[in-house]
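*Asks:* Just passing along the structure, written as structure tokens.
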Number of protein chains: 2
Amino acid sequence: MSAVAKDIIDKTRSLRSEVTQPFTASKRVYVKGSRDDLRVPMREIQLQSTRSTSGLERNPPVTVYDTAGPYQDPDTQIDLLNGLTPLRQSWIEERQDTEHLSGPSSRFGQDRESDPALAPLRFEHIRAPRRARAGANVTQMHYARRGIITPEMEFVAIRENCRLQELRETYAGAGYLKNRHPGQSFGAMLPEEVTAEFVRQEIAAGRAIIPNNINHPESEPMIIGRNFRVKINANIGNSAVTSSIAEEVEKMVWSTRWGADTIMDLSTGKNIHETREWILRNSPVPIGTVPIYQALEKVDGKAEELTWEIFRDTLIEQAEQGVDYFTIHAGVRLQYVPLTADRLTGIVSRGGSIMAKWCLAHHQESFLYTHFEDICEIMKAYDVAFSLGDGLRPGCLADANDAAQFGELETLGELTQIAWKHDCQVMIEGPGHVPMQLIKENMDKELKDCFEAPFYTLGPLTTDIAPGYDHITSAIGAAQIGWYGTAMLCYVTPKEHLGLPDKDDVRDGIVTYKIAAHAADLAKGHPGAQVRDNALSKARFEFRWEDQFNLALDPERARDFHDQTLPKEGHKAAHFCSMCGPNFCSMKITQDVRDYAEQKKIDAADALNKGMQEKAAEFRDKGAEIYHES
Amino acid sequence: MSAVAKDIIDKTRSLRSEVTQPFTASKRVYVKGSRDDLRVPMREIQLQSTRSTSGLERNPPVTVYDTAGPYQDPDTQIDLLNGLTPLRQSWIEERQDTEHLSGPSSRFGQDRESDPALAPLRFEHIRAPRRARAGANVTQMHYARRGIITPEMEFVAIRENCRLQELRETYAGAGYLKNRHPGQSFGAMLPEEVTAEFVRQEIAAGRAIIPNNINHPESEPMIIGRNFRVKINANIGNSAVTSSIAEEVEKMVWSTRWGADTIMDLSTGKNIHETREWILRNSPVPIGTVPIYQALEKVDGKAEELTWEIFRDTLIEQAEQGVDYFTIHAGVRLQYVPLTADRLTGIVSRGGSIMAKWCLAHHQESFLYTHFEDICEIMKAYDVAFSLGDGLRPGCLADANDAAQFGELETLGELTQIAWKHDCQVMIEGPGHVPMQLIKENMDKELKDCFEAPFYTLGPLTTDIAPGYDHITSAIGAAQIGWYGTAMLCYVTPKEHLGLPDKDDVRDGIVTYKIAAHAADLAKGHPGAQVRDNALSKARFEFRWEDQFNLALDPERARDFHDQTLPKEGHKAAHFCSMCGPNFCSMKITQDVRDYAEQKKIDAADALNKGMQEKAAEFRDKGAEIYHES
């Protein structure tokens, strides 16, 4: 057994005890689609009943979107050494537009495969890659434009609904649908119910993407578009300085537990090919990469030595492993580079600075730009989605919304149209560091210049003065840009600008971004978003402490914080909390007020009744005749 | 020595080592005003020089607003047993409109003073209280409306500027003023330089307040108004369940270290009179309270037994101790109470629920409402500012912006005008739990209905589903409402809804709210806000790690996070960071790009020069005559 495999086995043990531990009172459920192998996973949170003077009132369970894949399914045996079940494989095969290759067609992939020194690092069950047949186009956009609803589209439609229709029909009285506020959607059109046909239309129009490489059949389809739930991405990846393969796999699983919708593997160190294989084979969510990072490794970090051939080989290498989307910095045009010279912090995107250096060294447009149609040919042969990178994004507030940034954005719009000509799926990356009053301009310009292709932003950070808290400086911006229309938010951890995130940082970053994305859904008026808020608020008001924890984005932290002040088990059933103590509690007083008001109503009814009885007696006294004869 | 004094002495020791430890590379400076005893404290952060090919370039220090009072002045001897120096005492005395009382005039104050059993708890150097002379009005608003610029007003003017004018004149080239983005201020008018006369006008108009009770002369004046820097408040306070006097004093000092502009003492347990005395005598920032909490203690928690007399005695008791602002829930009118009956979470404000219960029990308007002018008489005799409480604020998203909440807000507007008739200073409290798309309506309505009196909001939380992270759910809302015009943001800690905050939670809550307030200042276009962002971004770009830490809102956490990944001291001078490693770094590449671009310019100039030399040689060859004779 290889060294990495041993390490992974150790991790598997810890996975069982912590990383994949089921959430208390949560149950994995599957909603079936039109075919038996279309089963959409969700998490159902069971709640306690409400005790009132009139007896027990049932609180129906709350169904929430679940990104954790098989790791939260107690009926699935997890084996990281074998990878996950390829649930999409039959869907891909049925389309009969792909072929199995005998092995990797990239030169680098072949070299790694045949290098015996890598055996200790290698995932042991590598499948031969699949590719579109000659002349075929296997993107979801291609199918959508031809009017085909794929199982992937139906899957995301069911997933987006999260059983809202069932809730409306069966549990309308439970209070979860109470006082749903109208949203302000800035042009987004959120349907009351997502149908597979709606998904198809959105993908055909380029307003949404389903990133799912045919070589990553283990992934559960998810959709990125502003007419759907706002998604979040978590970055992982080893670097030259720190972290191992097993750690990265663990972080990937950990990320899906807390709610990462996609994961980017930003590894820059050695063995990133092998690391990626381990991650892909075990990831239930789409994986994105920045291929130029690896290409740079292949030329020993010398940007000017990069060539189209090396880059092309890298794209094919990664596409055949199953990467679902590629960040491609093709918008860094030669003319924009000098526009950054007077910036306070120049070019801070790694990909952007590599390409800028290349452009200057060769004094010509980059091979990403000149070979863009060649890239499209590769993307459509595997259905890798474009994530057009913002290589010139601002690295500080002072540089926000400048000519370099917006020039590149316009070029990304041109490239979007080229990609769409090939039916390639596209999203657009956005900044970065932007003060609040300049955020909306970014969104508006992206929608206009990039023809409503989904926007995928990093933050933005709304101030530069809080290293150590940049998950927060950026969540403020992320919530806003999500509200304005950004489809996916790339998380920022507390370690941003300072170091590599550990597991705790990943959890903090993800939960923070789930908050931002959810706040955005609420503000846009997503039809199902307020259900969980209402259920949790009701639990809070009724002192159902366990339900309050279980409905929380991070039940474990909520429970832990409560127990720090009131550790006794009995306190969780108590009708008071630590802020007010047992003798005084505003929520208790409110209940008294409500009871009093109720009593008032009863009294009033009694009084009315009594009044009527008096009237009735008077009526009887007068002879009890309806018509007094005149 | 009393038990509490011993406890306090222990705390004093720990204060020295942690709570009041100076920030690295920071220097306490004082900016003098028009008189010798008007010295405004600020924190000056010293920076390293930039090393470049052309030698060392000096980075001027950055001056930041400092709330820590004498605790960050190494020349001051802190003695919690004696309290702080009463720096405003002579200003108050000079006005000759106050008189010293022989002792507390409240009955409760007298009882506590004469109770020997309280000796072990009591602060030992209680001053006799001061009160306005008969017929006098000692509020800052009263002076302002008579055209008087007080030392307090001059103090806050200097404080708000934070030496921006000096920076402009002396260090204009340092890059700190670079690319200042225009703000979007929604009607706020932020002057390029705050003058004492501007402060006076704002206070006279009711758009700003300086909360500074004449019995709290230890406090350093600060201003709350939307045409000034956005401020934050931190809540402390013991409860029946936990925490001691010494702990609360420590939390108060700790809060000012991290940037709390005011502190509310929300104690509800026993001995809150004595706790408050300790806090006030040692607090450099204004202290606010909710007097109804203590009044409720006096009637053993039975809201319906509260009377105007008990409440009045409590106001005087606290005013004579020096509380700077009172939350008064006078807007909870009888007619609004039934409007809350159908809410998902009823009345969640403690003060609101007490008053609602009282109103229902007596079926009449509360004594806060009926005696409002009597309250004004008390407020103006000590200059206690009103913080008109939002007793009917929503406790969850579902209840946001409803008839009960907005009805109360309208009543707060009516009460504002009554208070202003008495020249009493007023701010208005706001919610609570509000989804993003409904936040602006709160601000707009407050400005309109309350005639631009400063708004002081709790969050608002933008979702209910993240207990354990409510500092973040609420910072998202706080940054927005601060941008829209809220003058002070009441912090929320990670323990909100779950337990009482410990020191770490207080720090997290404060830093999070400093971020929100600063993001709001930036978005409004505050003239000096971007200076610190630019200085930090420049340090980041130039790999001046120590400067990046020292300029951070929380230097200790930034340093700690960095050291977790790269602990070696040498790495802090290294031109790379842990994200990219030593061989590849986007910032390094950018520098190369810049150097390259610079070299290109030089080359171009050389070429031009060479071309000119060739022309010159040709010119010489041709005979070096300017005019060829024809």
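Residue 1 is the first one shown; counting continues down the chain.
Each residue, glycine too, has its Cβ placed from N, Cα and C.
Values in this document were obtained by computation on a predicted structure and should not be read as measured data.
Pasting the feature list from TrEMBL:
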type    : residues                                                                                                                         : note
BINDING : A:Asn235, A:Met264, A:Tyr293, A:His329, A:Ser349, A:Arg350, A:Gly351, A:Asp390, A:Gly391, A:Leu392, A:Arg393, A:Glu429, A:Tyr456 : substrate binding site
BINDING : A:His433, A:His497                                                                                                               : Zn(2+) binding site
BINDING : A:Cys577, A:Cys580, A:Cys585                                                                                                     : [4Fe-4S] cluster binding site
DOMAIN  : A:22-99                                                                                                                          : domain 'ThiC-associated'
*Asks:* When DSSP states are grouped into helix, strand and coil, how many residues of the domain 'ThiC-associated' (A:22-99) land in each?
*Replies:* 10 helix, 26 strand, 42 coil
*Asks:* Do you know which of the binding-site residues A:Gly351, A:Gly391 has the most other C-beta atoms within 10 angstroms of its C-beta?
*Replies:* A:Gly391
*Asks:* Taking CB atoms only, which of the binding-site residues A:Ser349, A:Gly391, A:Arg393, A:Tyr456, A:His497 fall under 8 A from chain B?
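*Replies:* Out of A:Ser349, A:Gly391, A:Arg393, A:Tyr456, A:His497, A:Ser349, A:His497 lie under 8 Å of chain B.
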*Asks:* Roughly how many angstrom lie between the C-alpha atoms of A:Arg393 (substrate binding site) and A:His433 (Zn(2+) binding site)?
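*Replies:* So the Cα of A:His433 (Zn(2+) binding site) lies 8 Å away from that of A:Arg393 (substrate binding site).
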*Asks:* Please find, for A:Asn235, A:Met264, A:Tyr293, A:His329, A:Ser349, A:Arg350, A:Gly351, A:Asp390, A:Gly391, A:Leu392, A:Arg393, A:Glu429, A:Tyr456 as listed binding substrate, the greatest distance between any two Cα atoms, in Å.
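*Replies:* Per the listed residues, the maximum Cα distance equals 20 Å.
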*Asks:* Kindly assign A:Gly391 (substrate binding site) to one of the three DSSP-derived states: helix, strand or coil.
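*Replies:* DSSP assigns A:Gly391 (substrate binding site) to coil.
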*Asks:* Here's one to test understanding: among the binding-site residues A:Asn235, A:Tyr293, A:Ser349, A:Tyr456, whose C-alpha is closest in space to the C-alpha of A:His433 (Zn(2+) binding site)?
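*Replies:* Nearest listed residue in space: A:Ser349.
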*Asks:* Look up A:Asn235 (substrate binding site) in the DSSP assignment and report helix, strand or coil.
*Replies:* strand
*Asks:* For a quick check of understanding: among the binding-site residues A:Asn235, A:Ser349, which residue's Cβ has the most other Cβ atoms within 10 Å?
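*Replies:* Compared across A:Asn235, A:Ser349, the most Cβ atoms within 10 Å surround A:Ser349.
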*Asks:* Cβ-Cβ under 8 Å from A:Tyr293 (substrate binding site), same chain, 6 or more residues apart: which ones?
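*Replies:* Once residues fewer than 6 apart are set aside, A:Tyr293 (substrate binding site) is near A:Leu266, A:Ser267, A:Thr268, A:Ile272, A:Arg350, A:Gly351.
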*Asks:* What does DSSP call A:Gly351 (substrate binding site) in the simple three-state scheme?
*Replies:* helix
*Asks:* Measuring Cα to Cα, how many Å separate A:His497 (Zn(2+) binding site) from A:Asn235 (substrate binding site)?
*Replies:* 14
*Asks:* 10 Å Cβ neighbour count around A:Arg393 (substrate binding site)?
*Replies:* 27
*Asks:* Specify the secondary structure state of A:His433 (Zn(2+) binding site) as given by DSSP, simplified to three classes.
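*Replies:* Going by the DSSP assignment, A:His433 (Zn(2+) binding site) falls within a strand, counted as strand.
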*Asks:* Count the Cβ atoms, other than its own, that fall within 10 Å of the Cβ of A:Tyr456 (substrate binding site), considering every protein chain shown.
*Replies:* 27
